[in-house]
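Annotated features, as they stand in Swiss-Prot:
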type	residues	note
ACT_SITE	Arg149	active site
ACT_SITE	Lys173	active site
ACT_SITE	His244	active site
ACT_SITE	Arg247	active site
ACT_SITE	His270	active site
ACT_SITE	Tyr279	active site, O-(3'-phospho-DNA)-tyrosine intermediate
DOMAIN	3-88	domain 'Core-binding (CB)'
DOMAIN	109-292	domain 'Tyr recombinase'
Amino acid sequence: MPALDHPLIDQFLDALWLEKGLSDNTRVSYRSDLALFNGWLQEHSVSLPDAGRDLILDHLAWRLDQGYKPRSTARFLSGLRGFFRYLLREKLVAIDPTLQVDMPQLGKPLPKSLSEADVEALLQAPDLGEAIGQRDRAMLEVLYACGLRVTELVSLTLDQVNLRQGVLRVMGKGSKERLVPMGEEAVVWLERYQRDGRAELLNGRPSDVLFPSQRGEQMTRQTFWHRIKHHARVAGIDKPLSPHTLRHAFATHLLNHGADLRVVQMLLGHSDLSTTQIYTHVAKARLQQLHAQHHPRG
């Protein structure tokens with residue numbers, strides 16, 4: 001893609017040099033980043049000062065697809081933020097769209113994820129002869145099918161579930177509501193649990209909690225974590241786990257099977273695409289491993 005200069009880029013860099021004594025290397029890097037972004041915007045018929053948050057996020061996704069490193073993208077965002085602060089100060093724009101874009105977190109460890117075989121073993125671990133086992137199987141199926149946060153899962157109530165349409169109405173961070181499809185397997189196990197195991201678990205006690213504890217109350221995060229570790233031991237999984245292991249597996253497996261990053265972002269309830277992007281590194285690493293193992297020239 002051709003990089004396109006813009007007079008505002010030169011004005012910004014001149015102002016930055018006068019104010020902060022910008023080094024030649026930083027000046028060249030900022031110019032290159034902003035010119036590349038301007039060229040990308042031109043292909044989308046948008047002028048540089050008119051770039052909004054959504055377009056900036058789209059460009060970040062494009063950079064990721066092109067193989068740009070997180071440190072390079074962090075430098076680009078740093079320059080872009082300075083550029084829009086300059087435009088705002090000069091009254092050339094009304095708002096700074098970069099305020100709503102998070103910086104990439106450098107050096108952040110990749111989320112722990114399980115293989116699809118590990119997930120299958122974990123899902124089959126609960127004892128279905130017991131009500132608590134039926135609850136746990138349905139709970140794990142829903143968690144893996146929907147990629148919920150643990151707090152979202154344990155706080156689910158009956159009125160948030162639509163089995164006929166196969167969707168959950170989830171209340172996420174910041175009281176933001178989203179609809180998440182469950183898939184056929186999760187619906188089947190949830191129907192079975194609600195028909196049999198849940199009533200036995202409650203033993204006549206009233207509750208609108210979808211996955212109640214043995215006392216009929218909302219399950220705590222600690223109890224959920226205890227159940228996950230128990231089932232992992234039963235399944236023979238000795239990999240490091242976290243309460244969000246199945247959420248990470250949900251995102252990674254979707255991307256491994258070709259899901260669009262934006263779709264995964266919406267399903268996870270991430271407000272910013274950069275939060276979702278870290279999963280693409282996990283997915284790409286797995287794909288590279290498979291290529292090396294199975295391709296004749298790997």
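Each Cβ is built from the backbone N, Cα and C atoms, and glycine gets one as well.
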Arg149 (active site) and His244 (active site), Cα-Cα, nearest whole angstrom: 7
Cα-Cα distance linking Arg247 (active site) and Arg149 (active site), given in Å to the nearest integer: 7
Surrounding CB atoms that lie within 10 Å of the CB of Arg247 (active site), all protein chains: 23
Neighbour tally for Arg149 (active site), based on other Cβ positions within 10 Å of its Cβ: 18
Other C-beta atoms that fall within 10 angstroms of the C-beta of His244 (active site): 19
Counts of helix, strand and coil residues, the domain 'Core-binding (CB)' (3-88), according to DSSP: 69 helix, 0 strand, 17 coil
